[in-house]
Amino acid sequence: VLVAGSLSLVTIIGNILVMVSIKVNRHLQTVNNYFLFSLACADLIIGVFSMNLYTLYTVIGYWPLGPVVCDLWLALDYVVSNASVMNLLIISFDRYFCVTKPLTYPVKRTTKMAGMMIAAAWVLSFILWAPAILFWQFIVGVRTVEDGECYIQFFSNAAVTFGTAIAAFYLPVIIMTVLYWHISRASKSRIKKDKKEPVANQDPVSPSLVQGRIVKPNNNNMPSSDDGLEHNKIQNGKAPRDPVTENCVQGEEKESSNDSTSVSAVASNMRDDEITQDENTVSTSLGHSKDENSKQTCIRIGTKTPKSDSCTPTNTTVEVVGSSGQNGDEKQNIVARKIVKMTKQPAKKKPPPSREKKVTRTILAILLAFIITWAPYNVMVLINTFCAPCIPNTVWTIGYWLCYINSTINPACYALCNATFKKTFKHLLMCHYKNIGATR
């Protein structure tokens, strides 16, 4: 009883820590971790209800709460357990598409999509198990489970038992193993490619999320940007059709983000001109200001690192500032040359970020824990369909408890494989709430 109670308590605390960590730490609020949040919800329910009711059943030696509570407990237990498996499948597929479709999948990979997938996992698990467990006695016309016992009635049918074991465990495990093999292979291939590929052969423009910043010097006579300041973005070497305008005031920077590489340019004290470079077809319209006293030109290109779990690459920051003692024509030429130079400059590729390794490592740990803890019970289920007396009750109990222990192990997997989870857990346990939302 003491061991079972301790396991239940550790499971509850561990999974509450996971859920609270994701809630309070913005660096953990990623699509992948939302799937882990759903998994933690399932594990928490197992720790609160399933473990304690099963302990009661095994310690007393019979089921004391009647057939209705028995069926409700079994339905909850199997729905939640199946939801855990479905969440693991979702996590594996999500990682697989991140690695194999890095350009198209991240666009679709939104919080809304994650919520829909999580909801589908729970609804499907409920449909698969709850009606069959609760209403099987009415389908066959009789309840065959004896008083004082609690088990799923249709498990007495060997064919049904075999089919549910295949669908609930063996098939998902095969799918997840194959997916992880592809994930590992694709990740290694990318690492080798990044090491072998010389910088000169890399694309001149990086397909990352780039943030253009426009800074305008203070001038008391300066009109609003709506009157006389125009900004154009250069995207992938070509000017877009519509100009992008932003308000620039003292001490303020306006930011604009786009999924393609972009350069925002501002030039003051210049006449409208278009400068074209044939090699990369880079063109920009340099803005016009009514104020003749302003003599500073500033171009800044910055990359913005999105909050994600390594489905999107990141780059560096480049800043170019023009001098203030030149006439308009000279400024125009300087601005145009620097824009062209920056758009032609090869992007330096970095090795896959540590966050990507964290995610892959976490998934591997979760899958291994799931397979190791769930395999004994599901092997016994298959044996039981052919030879019921072959498995003693004690072995059944151990196998069943191993499935529950998986819910205890999962939070430890997150902490061991992800330093951010580990640090956030530590802050929560030690009541260090200051700056916990920014813990990395």
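Every residue, even glycine, has its Cβ placed from backbone N, Cα and C.
Feature list (source: Swiss-Prot):
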- 1-19: transmembrane segment (TRANSMEM)
- 20-33: topological domain 'Cytoplasmic' (TOPO_DOM)
- 34-54: transmembrane segment (TRANSMEM)
- 55-71: topological domain 'Extracellular' (TOPO_DOM)
- Cys70-Cys150: disulfide bond (DISULFID)
- 72-93: transmembrane segment (TRANSMEM)
- 94-113: topological domain 'Cytoplasmic' (TOPO_DOM)
- 114-136: transmembrane segment (TRANSMEM)
- 137-158: topological domain 'Extracellular' (TOPO_DOM)
- 159-183: transmembrane segment (TRANSMEM)
- 184-361: topological domain 'Cytoplasmic' (TOPO_DOM)
- 192-329: region 'Disordered' (REGION)
- 228-244: compositional bias 'Basic and acidic residues' (COMPBIAS)
- 258-267: compositional bias 'Polar residues' (COMPBIAS)
- 278-287: compositional bias 'Polar residues' (COMPBIAS)
- 308-327: compositional bias 'Polar residues' (COMPBIAS)
- 362-384: transmembrane segment (TRANSMEM)
- 385-392: topological domain 'Extracellular' (TOPO_DOM)
- Cys387-Cys390: disulfide bond (DISULFID)
- 393-416: transmembrane segment (TRANSMEM)
- 417-440: topological domain 'Cytoplasmic' (TOPO_DOM)
- Thr420: phosphothreonine (MOD_RES)
- Thr424: phosphothreonine (MOD_RES)
- Thr439: phosphothreonine (MOD_RES)
Euclidean distance between Cα atoms of Cys387 (disulfide bond) and Cys70 (disulfide bond), Å: 25
Local Cβ density at Cys390 (disulfide bond) - other Cβ atoms counted within 10 Å: 10
Cys387 (disulfide bond) and Cys150 (disulfide bond), Cα-Cα, nearest whole angstrom: 20
Neighbouring C-beta atoms (10 Å sphere around the C-beta of Thr420 (phosphothreonine)): 18
Whole-number mean of pLDDT values that fall within the topological domain 'Cytoplasmic' (184-361): 48
DSSP three-state assignment for Cys150 (disulfide bond): coil
Fewest-neighbour residue among disulfide-bonded residues, criterion Cβ within 10 Å, set Cys70, Cys150, Cys387: Cys387
Stretch with greatest number of CB pairs under 8 Å, the transmembrane segment (72-93) reference, 1-19, 114-136, 159-183, 393-416 candidates: 114-136
Summary of DSSP states over the topological domain 'Extracellular' (385-392), given as helix, strand and coil counts: 5 helix, 0 strand, 3 coil
Cβ neighbour count (within 10 Å, all chains shown) around Thr439 (phosphothreonine): 22
Entries of Cys387, Cys390, Thr439 which, being recorded positions, have CA atoms within 10 angstroms of Thr424 (phosphothreonine): Thr439
Residue from Cys387, Cys390, Thr439 whose C-alpha is spatially nearest that of Thr420 (phosphothreonine), among the recorded positions: Thr439
Other CB atoms, at most 10 A from the CB of Thr424 (phosphothreonine): 26
Positions whose Cβ lies under 8 angstroms from the topological domain 'Extracellular' (385-392), at least six residues beyond its ends: 158-159, 161-162
